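Enquirer: Please see the structure below; I have some questions.
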Amino acid sequence: MSCRGKDSVGEDVVKPYTPTTLDSDVGYFELVIKMYPQGRMSHHFRELQEGDYLAVKGPKGRFKYQPNQVKAFGMLAGGTGITPMFQVARAIMENSKDKTNVSLIYANVTFEDILLKEELDNLAKSFPGRFKVYYVLNQVLTPVKLSVCFLVSLSCSFRTIIFTFIHLTANEA
Ligand SMILES: Cc1cc2nc3c(=O)[nH]c(=O)nc-3n(C[C@H](O)[C@H](O)[C@H](O)COP(=O)(O)OP(=O)(O)OC[C@H]3O[C@@H](n4cnc5c(N)ncnc54)[C@H](O)[C@@H]3O)c2cc1C
């Protein structure tokens, strides 16, 4: 669906978003939105207060899913591209007449960037053998963990240098 708002200089901005709720969730929809510090629509979402209205248009999109149209789906998603995959995967799993299997590879830069992780893990737990998720990361360690590793290795190298020095001095004596 399209959402309309105003950016930081008051200009109209329209951006597409994919609800994570289904047609069976009547009366409301949910969006998962990643906000960017300089993002135009992100600015609008940041300014929204509880009780405010949001102009939306939809639903839109050309992909029409029919239950059991294929035996299995292989899905590949990165970052916020997870929202349409999650929506389709949920629709498949929550339809008891649908026997389609889904394997999803979900790529992100860091562990902290993974969206909907709990929901994806719950789907995998609830439908073992039918829904599989594989997370792929560019940076496995967070900066904090990296700096701890760096300090540990630094301290190990330092201890090795001291040990080598003592060892050499002892041998010379
Ligand atoms: C079909 C469709 C469905 C989408 N569904 C969702 C959704 O469910 N949830 C969601 O959060 N977004 C979704 N998006 C992305 C969304 O439409 C916006 O592009 C996004 O929210 C950024 O908009 P913005 O105006 O805040 O940022 P912009 O003003 O467009 O960009 C500002 C800054 O942020 C950076 N930036 C913008 N987008 C990205 C990005 N994806 N990755 C890294 N840097 C970026 C830009 O480089 C720029 O520096 C979808 C996009 C499409 C095409």
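Glycine too: its Cβ is placed from the backbone N, Cα and C atoms.
Caution: TrEMBL annotation is automatic and unverified by curators.
Keep in mind that what you see is a predicted model, and the values were worked out from it rather than measured.
Relevant sequence annotations retrieved from TrEMBL are reproduced here:
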type: BINDING; residues: Pro16, Tyr17, Val32, Lys34, Met41, Ser42, Thr83; note: FAD binding site
type: DOMAIN; residues: 1-66; note: domain 'FAD-binding FR-type'
Enquirer: Give the three-state DSSP assignment (helix, strand or coil) for Tyr17 (FAD binding site).
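Expert: Looking at the DSSP assignment, Tyr17 (FAD binding site) belongs to neither helix nor strand, so coil.
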Enquirer: How many other Cβ atoms are found within 10 Å of the Cβ atom of Ser42 (FAD binding site), counting all protein chains shown?
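Expert: So the Cβ neighbour count for Ser42 (FAD binding site) comes to 19.
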Enquirer: Return the residue, from the listed binding-site residues Val32, Met41, with the maximum count of other C-beta atoms within 10 angstroms of its C-beta.
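Expert: Counting Cβ neighbours within 10 Å, the top one is Met41.
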Enquirer: With DSSP as the yardstick, break the domain 'FAD-binding FR-type' (1-66) down into helix, strand and coil residue counts.
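Expert: Its residues fall into 8 helix, 15 strand, 43 coil.
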Enquirer: Taking the mean position of the Cβ atoms of Pro16, Tyr17, Val32, Lys34, Met41, Ser42, Thr83 as the FAD site, which residues outside that list, in the same chain, have a Cβ no more than 8 Å away, listed in sequence order?
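Expert: Apart from the listed residues, the neighbours are Cys3, Lys15, Thr18, Leu31, Ile33, Phe45, Thr80.
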Enquirer: Look up Thr83 (FAD binding site) in the DSSP assignment and reduce it to helix, strand or coil.
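Expert: In three-state terms, Thr83 (FAD binding site) counts as helix.
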Enquirer: Across the whole of the domain 'FAD-binding FR-type' (1-66), what does the mean pLDDT come to? Round it, please.
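Expert: Averaged over the domain 'FAD-binding FR-type' (1-66), the predicted model reaches a pLDDT of 94.
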